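In what follows, a structure is listed as structure tokens, so that the remarks can point back to it.
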Amino acid sequence: MKEKVSMVSLGCPKNLVDAEVMLGCLAKDQYEITTDEHEADIIIVNTCSFIGDAKKESIDTILDLADRKHDGRCKLLVVTGCLPQRYQEELATELPEVDIFVGTADYPRIAEIIAEKRGVAEQLRYISDPNYIFDESLPRLKSSPAYTAYLKIAEGCSNCCSYCVIPSLRGALRSRPLDNLLMEARTLVATGTREINLIAQDITAWGRDLPGSPTLEELVRELAKIVGLRWIRLLYAYPDGITDGLIEIIKTEPKVCKYLDIPIQHISDPVLKRMNRRSTEPQIRALIAKIRAEIPEIALRTSLIVGFPGETEEDFRTLLHYVEETQFDRLGVFCYSREEGTPAAGMEDQVSERVKRDRYKKLMKVQARLSFKRNRRLIDTEEEVIVEGYSDETDLLLKGRSSRQAPDIDGQVYITAGNANVGDIVRLRITDSSDYDLIGEIVEE
């Protein structure tokens, strides 16, 4: 009888791709994959440790699933990813329930590693220098719906922002070759994928370390040639890497969603300098103005950090006013997390947790109002929407996402009239909206 494996993946989509590679390797090695942890002989927790909240979620999940070794059939608990890569010594002591720790360099060896545990009583650790990069020859068992997929175009990061632990956990930038990416993309489309979301720590850095230094716009142009692919979405595009050529291909290529995720993190120059960000306030303002002028219909998402060391009330007011002025369509806000080993952790003028939370609430309150306002502008317009199934609230409504909404992080569209199948891309007339969601009816073609 095949042993059953269950996987819980935490954190970002980049982590999800790593989890899918491990599942693919295990399925190829004759393990049976199950989504029910109670049925699993082996449970794997793929962790995140980017910020404090992510670490807490990872630890809580590990402790919860450790109970399956007592009240379920679980024989092995395996913890993979960023948390063991960063805290291997501490975790080995504090989590004796865990049988195997695997860092970010050994995902393709997961089946071999589990086999090495047979007959070995002591806890095992496999933590190597982070040099892994996904290759299209590795199996990948996609866990997301067939119609959508993430395409991880690079691993690691060489930006060295002062608050970030990613370079120490994932290593320096390592881009996947163009032909490698195109091969995987074609395979995804051949198995039903209609939307590909490009991801990396910084997608604009893709190609800098490859022979000939190919650019992101070259990659997008080649992806757009794939027959059957309908949407290409760009996530995690650092502002200093966005070129006129990239703006032009978003503007002119029909398959590229009029959507761009640009994590600016702040707008005040003193804060940006302490963050070791390469963009300045004038440069960010000019970039956003240029994008909006060239592509008026584009949906812009950004990420911001509040409470960074030394952030004054004046810095925060500058940020708040900029958000009100710019009116981003989507906004993610994070309270600064003091991460040991980063330059920012040792900075003076650390901001209190109370002030961080207060600034977070103020910013999100403003964004809710702005998002509602921008959504109202879409009423009586038509949008392309990918159908994702029935609404969570009622099976009388279908739900989906427009090309202006990324999976998992943005709002949804609720479909009140018309028929469609999951994965269909339909035209929808927007009839109403809320702070973050849209409501509409399918337009018969």
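If you go along the chain as it appears here, the first residue is 1 and each next one adds 1.
Just so it is clear, glycine is given a Cβ too, placed from its N, Cα and C backbone atoms.
Here's what Swiss-Prot has on this protein:
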{"type": "BINDING", "residues": "Cys12, Cys48, Cys82", "note": "[4Fe-4S] cluster 1 binding site"}
{"type": "BINDING", "residues": "Cys157, Cys161, Cys164", "note": "[4Fe-4S] cluster 2 binding site"}
{"type": "DOMAIN", "residues": "3-119", "note": "domain 'MTTase N-terminal'"}
{"type": "DOMAIN", "residues": "143-373", "note": "domain 'Radical SAM core'"}
{"type": "DOMAIN", "residues": "376-444", "note": "domain 'TRAM'"}
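Feature map: annotations from Swiss-Prot on the structure.
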residue : record                          : Cβ within 10 Å
Cys12   : [4Fe-4S] cluster 1 binding site : 20
Cys48   : [4Fe-4S] cluster 1 binding site : 20
Cys82   : [4Fe-4S] cluster 1 binding site : 28
Cys157  : [4Fe-4S] cluster 2 binding site : 22
Cys161  : [4Fe-4S] cluster 2 binding site : 20
Cys164  : [4Fe-4S] cluster 2 binding site : 21
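Cα to Cα, Cys12 ([4Fe-4S] cluster 1 binding site) and Cys157 ([4Fe-4S] cluster 2 binding site) are separated by 15 Å. Under the three-state DSSP scheme, Cys82 ([4Fe-4S] cluster 1 binding site) falls in the helix class.
Same-chain residues that are not part of Cys12, Cys48, Cys82 yet have a Cβ within 8 Å of the Cβ center of the [4Fe-4S] cluster 1 site turn out to be Leu10, Gly11, Lys14, Asn15, Thr47, Ser49, Phe50, Ala54, Gly81. Shown in sequence order, Asn159, Cys160, Tyr163, Val165, Ile166, Pro167, Gln201 are the same-chain residues outside Cys157, Cys161, Cys164 whose Cβ sits within 8 Å of the Cβ centre of the [4Fe-4S] cluster 2 site. Rounded to the nearest whole angstrom, the C-alpha distance between Cys82 ([4Fe-4S] cluster 1 binding site) and Cys157 ([4Fe-4S] cluster 2 binding site) is 14. For the pair Cys48 ([4Fe-4S] cluster 1 binding site) and Cys161 ([4Fe-4S] cluster 2 binding site), the C-alpha distance works out to 18 angstrom. In terms of DSSP secondary structure, the domain 'TRAM' (376-444) contains 1 helix, 33 strand, 35 coil.
Applying DSSP to the domain 'MTTase N-terminal' (3-119) sorts its residues as follows: 61 helix, 23 strand, 33 coil.
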